[in-house]
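Listed in TrEMBL:
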DOMAIN    41-290  domain 'G-protein coupled receptors family 1 profile'
TRANSMEM  25-48  transmembrane segment
TRANSMEM  60-79  transmembrane segment
TRANSMEM  99-120  transmembrane segment
TRANSMEM  140-158  transmembrane segment
TRANSMEM  207-226  transmembrane segment
TRANSMEM  238-260  transmembrane segment
TRANSMEM  272-292  transmembrane segment
Amino acid sequence: MDPGNWSQVTEFIILGFPHLQGVQAYLFVLLLLIYLTTVLGNLLIFLVVRLDSRLHTPMYHFLSALSLLELGYTAATIPKMLSNLLSVEKTISFSGCLLQIYFFHSLGAAECYLLTAMAYDRYLAICRPLHYPTLMTPELCAKIAVGCWLGGLAGPVVEISLVSRLPFCGPNRIQHIFCDFPPVLSLACTDTSINVLVDFVINSCKILATFLLILSSYVQIIHTVLSIPSAAGKRKAFSTCTSHLTVVLIFYGSILFMYVRLKKSYSLDYDRALAVVYSVLTPFLNPFIYSFRNKDIKEAVRRRLAGSGALG
């Protein structure tokens, strides 16, 4: 298209859930409660692990890094979603939309890498217990966590750069609950085949590679656990993995169907439902999954509350 024949869109309208216009206020209250619980739960886990010396082990260092990551991950989308539920116009600037996509995908990628690191940590602890203290040192643990963050932040740079160069001349209504690559690409007034292909390749490599690494770790973990003679030993060994495995299944179960597909057309309601799972429900459930199933976390919280006099 000749650049002289179109005017660049300067803002988008995020439609959210257009079929639920009559219950926007109820959705706002529900989402606000979920967001506050998510923030408080992840912040509690992060502070408890940082402040309790008994939890200064690689497994809990990774857990605290995951909790901190979830705080940023949800902050990239949910506050704007809350604002749109009460707003009539539901607009977001073009640059604001790109920033939301960048932080959402970069922190999402960092979560993939961190969940992979946590699987590797459990593999070393269960399959190579005698070498675990020398292999997973605090220094290596810190380097891995920083590497996950840096790798995530660098991840969507190419995709964002390509999208920023596309012409958007209208319509400007995003058929989604927040800015994301597929619904934004569908609004470009030029061919986006290259963008779709690049998005597919990057997401496939990132998501499938980390998922296969996690799967490989758990195959070896299960093999080792099954070789333990006593039933009590098997339960104890695998109990350290159940919370992490639950989070992996929920998170990857939704993003695999959402991003590892080579097509421009998609079911809008289907994608909105998946987006709710990985952007809202997974961060919300993480503190419950890790705290309710983890005796060390619960005891650490009790010690903090007792120390502060909250328990009388």
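Placed from the backbone N, Cα and C atoms, the Cβ positions cover glycine too.
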Exercise. Among 25-48, 60-79, 140-158, 238-260, 272-292, which stretch has the most Cβ pairs under 8 Å to the transmembrane segment (207-226)?
Worked result: 238-260
Seminar exercise, completed: Whole-number mean pLDDT, the domain 'G-protein coupled receptors family 1 profile' (41-290), equals 89
